[in-house]
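**Q** Pulled these features from TrEMBL for this protein:
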| type | residues | note |
| --- | --- | --- |
| DOMAIN | A:1-458 | domain 'Cytochrome oxidase subunit I profile' |
| TRANSMEM | A:12-36 | transmembrane segment |
| TRANSMEM | A:56-74 | transmembrane segment |
| TRANSMEM | A:86-108 | transmembrane segment |
| TRANSMEM | A:134-151 | transmembrane segment |
| TRANSMEM | A:163-183 | transmembrane segment |
| TRANSMEM | A:195-220 | transmembrane segment |
| TRANSMEM | A:232-256 | transmembrane segment |
| TRANSMEM | A:262-288 | transmembrane segment |
| TRANSMEM | A:300-321 | transmembrane segment |
| TRANSMEM | A:341-361 | transmembrane segment |
| TRANSMEM | A:382-405 | transmembrane segment |
| TRANSMEM | A:425-445 | transmembrane segment |
Amino acid sequence: MKYQSQMVAKPYFIAAIGLFLGQILFGLIMGLQYVVGDFLFPEIPFNVARMVHTNLLIVWLLFGFMGAAYYLIPEESERELHSPKLAMVMFWIFLAAGVMTILGYLFVPYATLAEMTGNNLLATMGREFLEQPLPTKVGIVVVALAMLYNLSMTVLRGRKTAINLVMLVGLWGLAIFFLFSFYNPGNIVKDKYFWWWVVHLWVEGVWELIMGAMLAFVLIKVTGVDREVIEKWLYVIIAMALITGLIGTGHHYYWIGAPEYWQWWGSVFSALEPIPFFMMTVFAFNMVNRRRREHPNKAAVLWALGTGVMAFLGAGVWGFLHTLAPVNFYTHGSQITAAHGHMAFYGAYVMVVITMISYTMPLMRGRAANSPLAQVVEMWSFWLMTVAMVFITLFLTAAGILQIWLQRISDQPMSFMAAQDQVALFYWLREGAGVIFLIGLLLYIGSFFIKGKAATAD
Amino acid sequence: MRVATFQWLMLLTLTALSFGLAEAGMSGSAVLIPVLLATLVKGNIVIDRFMALRGVKGPWRWIVLGWLLLVLGLIAYAFQLAQS
Amino acid sequence: MSSAFTKSAARNIFYGGAVFFFLLLIGLTFDTMSTLPKRDNRENLSESVLRGKHIWETRNCIGCHTLMGEGAYFAPELVNVYKRRGPEFIKAWMQGQPTGAPGRRQMPNFHLNDEQLDDMVNFLKYTSEINTSNWPPNIEG
Amino acid sequence: MWFFILAELLVFGIFFLAYAFARTHNVELFNASQLELDRASGVINTVLLISSSYFVVLAVSRIRRGHSRSCASWLITAMTCGAAFLVLKLSEFSGKIEAGINMSTNTFYMFYLGLGFFHFMHVVLGMIILGAVTLKAWRGGYSAADHAGVETGAAYWHMVDLVWIVLFPLIYILN
């Protein structure tokens, strides 16, 4: 760590991990509700648990991105952060907003919450992933703008590298596309059409820029490969991500009332979306193989490689499985979508944030790397979580295939609930894998508390 | 230089030929095969001469030529399929 | 043919490609918006349907159900529920919740009054008449 | 750069094959709609693009000998052809739009307009690239030894030409 102000990243990362734990606990509740329908009813109905699960994911990933930005932008710009104080104020505002929102979901009926928070003035709530009350949405915008001001000033006055420019472009895009969450026309087709401008253009657009910048930053640090080479790769990867991903938005427009030509445009371009993810895998392995030094932080290298592989599997392969319109006609809105969503978010975004945390946390705690024992525990947590996620995905895929067969393809289609009963076994297996994931996560958190002499490069 | 001019004239001639076949109101295999062959030759000229990929080391030339052959071949197949 | 592929070339491709494809997306969006009136059943967007959509949102229905395949996968697809079950069934169903059947998935009772129930049904009728290119594959959704 | 040219070719290739195979389900519709196209405009456009590609070849051969100005003039000639292509294509499109035809009219027009527009934007982008190269050449920014920029721009332009060479017979002629 070269600059004192990079330390503001630490609370962001701690908050991220804390909320991650919350996300997983609610995930387990939902998983159980899939098979024991009345579990915790009426205290926590499924829709509330899901809202908490997905919103916690979004909030903690945002914490992770912000923390990463506050860490890497000063280092790349070679100067102190414009205002560390502003960054800390924003941290507390964002944390308070996030926690209040979650508590609101849990303890206030959603309709009452909507009324209390001014949803009748500007109705934006009740749409998937954008359930946040109006004040929270405004808060997100304020926090994002304050952060962008802070980071932009730092970059403007400092060194401009591909990494900090791409990170900044990604974060600006994140803030700008979020503005579409305030547009909620009565016409449900238009509503859905522009809803994707937030959701798709985030996760299959600007977030990939943020992800690429974070991965490139860590790879430069842990491999010592020439910056020119890594930055060239970064540009090529994110160029492909946007070239395929922007029109790839069309794969969400097949069945929501948009014109049918989207079936062609969406299929062709989203079929190419695996390319940038595949390049990311090649990139990570290539750079590690060409490394010029042995970094003592083995765990961070493992996470970086894991990100490349799992992002490709989850976002690339599992995305491709059901992106072509004729296939998607049957798979749309089934457990296949859930399978893809789980592995893609874990492989791409969860893992890249953990990569960043894994690399930076020891530095912020005053050592190049954690003790060998702490690293071994962390690597165990890597394998437990990753393997558990692979199994969650496989079980959900199996459930999805069976569901589609029974409910949509068979000559005598079953009703939704009848089909759900038939696939219950896979939901039980998924819940089991989820418990393993939780154990992995607890181990991960535990690894922060293992003391010992810092590892050195051997 | 002169070679390039010759190739250019060749491209124009082949275009005129394809156009003429269509204007003559021909259809089916009578137009499919000569037009696709003309396109193949035209594409080959652009790839090998204009893009100057002929004689370039590495896979580039064959990838681009392969693309042309594959696309035209499958087009031919699809059109034959439609006729039968 | 150029052999040296420089970082600045890669950067230009990134910025150029992003602008190019974003403009293409905007162009296609423009065309979509002009085509939508033929497909999105907007002529039936009555006041009641709009109120129904508001109820749909403020009860977080999307947290369990899908609508046109988007939402949670915990409960049935509702874009065509109007055709599958009819208006009276939908109202009776919502009033009858939760079933309380042990071990079964439970839907909360939202205590909607008669007018709100009608609004909800009208909203679901409106969605069932949107041209979704024949999705879902069958009536079960 | 070649990586992106290949990526572009891949996208166009998929669209071409999608057209060819979509046609097998709808031969009459495709043949009937194809007859409504302005084939003469298509062939003139082919001539324009082929010629502009040829002028670009001339420009590259000039810069190889270090003639910056003459290289730039040939590039300008090439871009003039490109501009003429764009004008003709626009008038073709506007004719269709005035006739009330759009991408949702039928599958054939989805491809004709969609592919045409997609290619159109590539011509625009190619012109921008050539424009930048021309400017630099005119200022003497390239030499006989170092003119990678010209070659890269030229390769992109030939790719746009190559795609049209396949697109033209496929959509305007074959039935």
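Quick reminder: no glycine exception, Cβ is built from N, Cα and C everywhere.
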**Q** Give me the stretch from A:195-220, A:232-256, A:341-361, A:382-405 with the greatest number of Cβ pairs under 8 Å to the transmembrane segment (A:300-321).
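**A** Comparing A:195-220, A:232-256, A:341-361, A:382-405 against the transmembrane segment (A:300-321), the winner is A:341-361.
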**Q** With a cut-off of 8 Å between Cβ atoms, can you find at least three pairs linking the transmembrane segment (A:134-151) to the transmembrane segment (A:56-74)? Only pairs 6 or more residues apart in sequence count.
**A** yes
**Q** Counting only residues 6+ away from its ends, which parts of the chain sit with a Cβ under 8 Å from the transmembrane segment (A:341-361)?
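**A** Distant Cβ neighbours of the transmembrane segment (A:341-361) are 1, 6, 9-10, 13, 16-17, 20, 57, 61, 64-65, 67-68, 71-72, 203, 207-208, 211, 214-215, 217-218, 221-222, 277, 297, 299-300, 303-304, 306-307, 309-315, 318-319, 378, 385-386, 389-390, 392-393, 396, 444, 448.
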**Q** Between the transmembrane segment (A:195-220) and the stretches A:12-36, A:56-74, A:86-108, A:382-405, work out which stretch tops the count of Cβ pairs under 8 Å.
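**A** Looking only at A:12-36, A:56-74, A:86-108, A:382-405, the most contacts with the transmembrane segment (A:195-220) come from A:56-74.
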**Q** Hey, which of A:12-36, A:86-108, A:262-288, A:382-405, A:425-445 has the most Cβ-Cβ pairs under 8 Å against the transmembrane segment (A:56-74)?
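**A** Maximum Cβ contact count belongs to A:12-36.
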**Q** Examine the transmembrane segment (A:382-405) against the transmembrane segment (A:425-445) and state whether at least 3 Cβ pairs sit under 8 A, considering only residue pairs 6 or more apart.
**A** yes
